[in-house]
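Colleague: Right, I'll just put the structure down here and ask away after.
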Amino acid sequence: MGPCHGALHPLSLLVQAAALAVALAQGTLPAFLPCELQRHGLVNCDWLFLKSVPHFSAAAPRGNVTSLSLYSNRIHHLHDSDFVHLSSLRRLNLKWNCPPASLSPMHFPCHMTIEPHTFLAVPTLEELNLSYNSITTVPALPSSLVSLSLSRTNILVLDPANLAGLHSLRFLFLDGNCYYKNPCPQALQVAPGALLGLGNLTHLSLKYNNLTAVPRGLPPSLEYLLLSYNHIITLAPEDLANLTALRVLDVGGNCRRCDHARNPCMECPKGFPHLHPDTFSHLNHLEGLVLKDSSLYNLNPRWFHALGNLMVLDLSENFLYDCITKTTAFQGLAQLRRLNLSFNYHKKVSFAHLHLAPSFGSLLSLQQLDMHGIFFRSLSETTLRSLVHLPMLQSLHLQMNFINQAQLSIFGAFPGLRYVDLSDNRISGAMELAAATGEVDGGERVRLPSGDLALGPPGTPSSEGFMPGCKTLNFTLDLSRNNLVTIQPEMFARLSRLQCLLLSRNSISQAVNGSQFMPLTSLQVLDLSHNKLDLYHGRSFTELPRLEALDLSYNSQPFSMQGVGHNLSFVAQLPALRYLSLAHNDIHSRVSQQLCSASLRALDFSGNALSRMWAEGDLYLHFFRGLRSLVRLDLSQNRLHTLLPRTLDNLPKSLRLLRLRDNYLAFFNWSSLVLLPRLEALDLAGNQLKALSNGSLPNGTQLQRLDLSSNSISFVASSFFALATRLRELNLSANALKTVEPSWFGSLAGTLKVLDVTGNPLHCACGAAFVDFLLEVQAAVPGLPGHVKCGSPGQLQGRSIFAQDLRLCLDEALSWDCFGLSLLTVALGLAVPMLHHLCGWDLWYCFHLCLAWLPRRGRRRGADALPYDAFVVFDKAQSAVADWVYNELRVRLEERRGRRALRLCLEERDWLPGKTLFENLWASVYSSRKMLFVLAHTDRVSGLLRASFLLAQQRLLEDRKDVVVLVILRPDAHRSRYVRLRQRLCRQSVLLWPHQPSGQRSFWAQLGTALTRDNQHFYNQNFCRGPTTAE
C-alpha cells in the first residue's frame, strides 16, 4: 500500500465518508467517535477542538447517554437540533468554548450564539454548565434544570423573565461576570425579586461581580449564599431578611486587607465595613459563616449571639491580632467545630508571645483551629492555655508564625489532639526554661520587612506507593521547614503518644546514635527527608521500637563526602520497620555491604548510584539479598546501563513490585524474570529500550503489570507477550511503534484489562491491521477514540486513527494512478484527432524541428558543466563599445532568446568585490565555455584585453580548447595579421558587425551558433583540423 500524497480528491473523500458511515452503522467502530464513552453513561469530548456539537451515529446507543462533556472546545454556535437525539441527557458541560476576550489566553474576541430551542429540546436536562463563554443573556432553559452555571460570562442583568419557569432549579452559579479579569462597564444588576420565583433554589453564588449591596427579594429557600469579593461594605438585618433557612453565608473579601492581597485590591474605606449588631440575629440555622479578608479589627459578640448552630467560622486575613487575646465573642458558640484565624497579623510586626482569650475555652465542640500567619515568636504553655480543656480539639495549625522558641511538651496535655502543624517556622531547638515560663520579652514587638506574606508551598510528598501517610494515625506533629540543626530528647518530653513526626526540610546534620528520640516510644512514622543526617552509628533509631516507616531521602550531603563511611546496619535492629526510603542520596560507596531486615516490605532506593556499586565486582552484589520479606523495591534513577541475570538473582525472592524507571537500560534479559518467581509488577518506563526481540516473557511468570512507556521501542517480536498468561496491564505508550500486531499477544489479548498505546506514531496506511485488533480489545485501550493518533502519513499526523476508516479507505497511490491514467487516455483520445484535423502540417513541422533541436540540447547539457557560456571582454574606455555590449549584446543574448538564453560573464556585473583583478580574470576565463572579444579595431590591443587574450592562448595550450570568438564592430578598420589568419582557419569564430540593419538578424544567429558550438567544428579542414587532445 502506498503512502498518502497531497490532498484527497473530492470523490475519494465522498467514498471514504460513505465507508465510515457504513462501518459506524455496523457498530464496529467506537460508537461515539470522536468522543469517548466512559462509565455511568458519560461521553467525554473534552479538548478535541471541535467546532460543532458532534452528531453521533443512529446505531450508537444514544439513549444511554446521561452526561455529555464538551469542555474546552471551539463551539461558537449551538443549533436547535444539536442535542435532540440524546433523549436521556441529564448533564451537559459546555465550559470554555467561547470565552470572553479578557479571559481568553490570546485575548481573541468571541461571541457564542445559542438558538432559542437548543436546550428546550432536551426535557431531561438537569445540569448545565455554560461557564467561560461569551454570552450576554440567559438562554431559554427547560423546566427540569436543577443546576445552572453561568460564571465568567458576559451576563450582567438578571430579571424575572430570564429564569422564568425554572421551578426545579436548586443550584445557580453566577461568579466572576464583572471583576478585574473579566471587566465590564457596569456591575451585575439583579432586579428586585428576579430570583424570587425560584422556589426550590438552595445554592446561590454571586462572587466577583462588583455588587454593592445584597440583591433584594432572594428566595427564602436559600441555604447557601456566596457573596464574597464584591463591594458590599454595609450589612444590616434587612439585607438578609426572610433568609431564615440559610446554612452557609460567605460575605468575605468585600472590604479587603490589601497588604496581604495576591491580586488587584481596592482598599477598604476608613470606618468600614459596617455590620449591624443584629445582622445575623435571625439566621438560627446558620452553620458556616465566612468573614475573611474584611478588614475587621474587633468582633462584636452580638454578631454570633443567635448563631447557636454555627459550626464553621472563617475570620482569616483580618486585623484581629489584639482582639483574639481578649475577645468574648466566642462564648456562645458551643457547636463551633472549625475556626480559622489565619493571617490576622499586625503589619510589619512580630509579637514576642501570644495569649489566647479565655473565651476560646467555651468552644467545647472545636475540632480544628487555624492560626498560621499571626506572627509570634514564642510558643509556650500560656499561649494555648485556653484550649487545653477542649475535649474535641483534634487539629491545630500554627505554621508560618516565625516561632523560634517552642515548648513542644505542651501538646501532651491535649488528650484528643491528632494533628499539630508547626511547619514553616524558625524553631531551632528545645525551648529554654525562661522562655517557657513566659517571663521574657513580654509585649516586645519586632518590625518585619514588608512584602507578601502568603503561605508557602506544601512539602514534597513521600514516594508514591512506598511511604505511608499519617492521616490514619492518632497523633502527628509537623516540624518540617524549620531551622532545626540537632535533635535533643528534651524536645519531645511528654509526647510519648506521638505516632508520626515530620522533620523534613530542616538542617539536621548530626550523627544519630539511638538517643535522639527516646521519649517517642509510640512513634510509627518518622520523616527526616531533605536534611544532612550522618548515618555513622549502627544503633541509629533503635530507640524507636514501634517505628514502621522511616524516610531518609534527600540526605545526600554526607554520602557525597569523600572517604567517609556510612553504616546501614541499624535497619536490622528495627523490628517493626516496614517502609524505608533511602532515595536520592547518591549512595555509591563506603556503605554497609548488605541490608538486612526480616520485617521490611518496601524500600525506595531510587536516585542513587547502583551502577557504581555493582561495578565493584561482588562487593555489593548481595546488597538487597538480606531483605527477606521485601515486597516492593524502587531502583529508579540509578544510572543503570545493564541488569545482569546474576544481579536479579540476588534480589529478594519475595519481590512483587520492581521499579527500574528512568535508567539507561537499552537491553533487558527477559528470561531472567524466572529468577523472581513472585514478581507481579515490573516498571521499565523511561529507559532506552529500542526493541522487544531478545526472546519473550518466560512461561510461568506471575507478571500482571508491565510498564514499558517512554522508551524508544519500534519493534516487538511475534508472541513476545503470549506466554505471560497472567499479564493484565500493559503500558506501551510514548514509544516509536508504527503498528500493534495481534501476533504479539496470542491468546493473551482477550484477557488484557489495560493496553495503553497512546503517544506512538502509528502508520495509518489503508488496511492497517492494528485497527481491527484495537477494535477487538477497545474496552482495554484507554483513550482509543481521541488519544491514539497517527504518526504518518503526513496528512493524518496527529489525528485520531479513526479520522478515516483505514479498513475501508481507498489506496491513495492507486487512486491517483488510476485517475491520472484515465485523464490522460481521455485527453489523448480527444486531442489527437482534433489536432490532426486542424493543424496536421504544423504539428509535423514542429515535430521535426524538435528532433533537430533535442540532440543539440542534449550535447549542450552534457558539456555544460561551467557556470557561464561566454566571458565578454572589451575596452571599457571606449564608451560606444561598452554601450553596445550592455544594451545590445547582453539584451539580445540573455533576454530575447527565451529558453535558449545564454549566460554571459561581465566584469562590471559578475566580478566579486574583494578579489584581485587577476583572481577575477582567472576565474572568469576558466568558468566560461567561450571568450567573446568585442573589438572596435584590432591593431592596438593592451591592458585587460591583452591579458585575457594571453590567458585564452594559455588555455589553448593546456586544455587544447580554442575558446576565442571575435566580434569586430568596425569591419572597414585595419585588421591585424592574427585576425586575418583566424578568418582563414576558423572563419565562423570571427564575426563582423554589419552596417546595414538588414544583416543584423543574420549576425545574431551566427553569434549564437559560435557561442553554443565547439570551435572544433568551424575549422577549415583544407588548412587545419584545429586543436586536438593528446591521448
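Cβ coordinates come from backbone N, Cα and C, glycine included.
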Colleague: Check Swiss-Prot and name the cysteine among Cys766, Cys790 that pairs with Cys764 in a disulfide.
Modeller: Cys790
Colleague: Candidates are Cys255, Cys265. Which one does Swiss-Prot pair with Cys258 through a disulfide bond?
Modeller: Cys265
Colleague: Based on Cα distances to Cys258 (disulfide bond), point out the closest of the recorded positions His77, Pro99, Lys181, Cys184, Cys764.
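Modeller: For Cys258 (disulfide bond), the spatially nearest of the recorded positions is Lys181.
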Colleague: What residues elsewhere in the chain lie close to the repeat 'LRR 15' (470-494), defined as a C-beta under 8 angstroms and at least 6 residues from its ends?
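Modeller: Here the qualifying positions are 399, 404, 408-409, 411-413, 417-430, 456, 459, 500-510, 512, 515-520, 524-525, 527.
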Colleague: Among the disulfide-bonded residues Cys110, Cys258, Cys265, Cys268, Cys790, whose Cβ has the fewest other Cβ atoms within 10 Å?
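Modeller: Among the disulfide-bonded residues Cys110, Cys258, Cys265, Cys268, Cys790, the lowest count of other Cβ atoms within 10 Å belongs to Cys258.
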Colleague: If you count the other Cβ atoms within 10 Å of each Cβ, which of the disulfide-bonded residues Cys184, Cys500, Cys764 comes out on top?
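Modeller: Its Cβ has the most other Cβ atoms within 10 Å: Cys764.
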Colleague: Sequence gap of 6 or more, Cβ distance under 8 Å: name the residues on the same chain that satisfy this around Cys178 (disulfide bond), in order along the sequence.
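Modeller: Once residues fewer than 6 apart are set aside, Cys178 (disulfide bond) is near Leu156, Cys184, Gln186, Ala187, Leu188, Tyr208, Asn209, Asn210.
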Colleague: Any same-chain residues 6+ apart from Cys255 (disulfide bond) with CB under 8 Å of its CB? Would you list them in sequence order, or say none?
Modeller: Ile233, Cys268, Pro269, Phe272, Pro273, Ser294, Ser295
Colleague: Nearest to His77 (DNA binding site) by Cα, among Cys98, Cys500, Cys764, Cys766, Cys790 (disulfide-bonded residues)?
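Modeller: Closest by Cα distance to His77 (DNA binding site) among the disulfide-bonded residues Cys98, Cys500, Cys764, Cys766, Cys790: Cys98.
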Colleague: With the cut-off set at 10 Å between Cβ atoms, which of these binding-site residues ends up with the most neighbours? Options: Pro99, Pro109.
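Modeller: Of the binding-site residues Pro99, Pro109, the highest Cβ count within 10 Å belongs to Pro99.
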Colleague: Please work out which residue of His77, Lys181 has the most C-beta neighbours within 10 angstroms of its C-beta, and give that one of the binding-site residues.
Modeller: His77
Colleague: Output, ordered by sequence, the same-chain residues six or more apart from Ser104 (DNA binding site) with a CB under 8 Å from its CB, or 'none'.
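Modeller: Result: Cys110.
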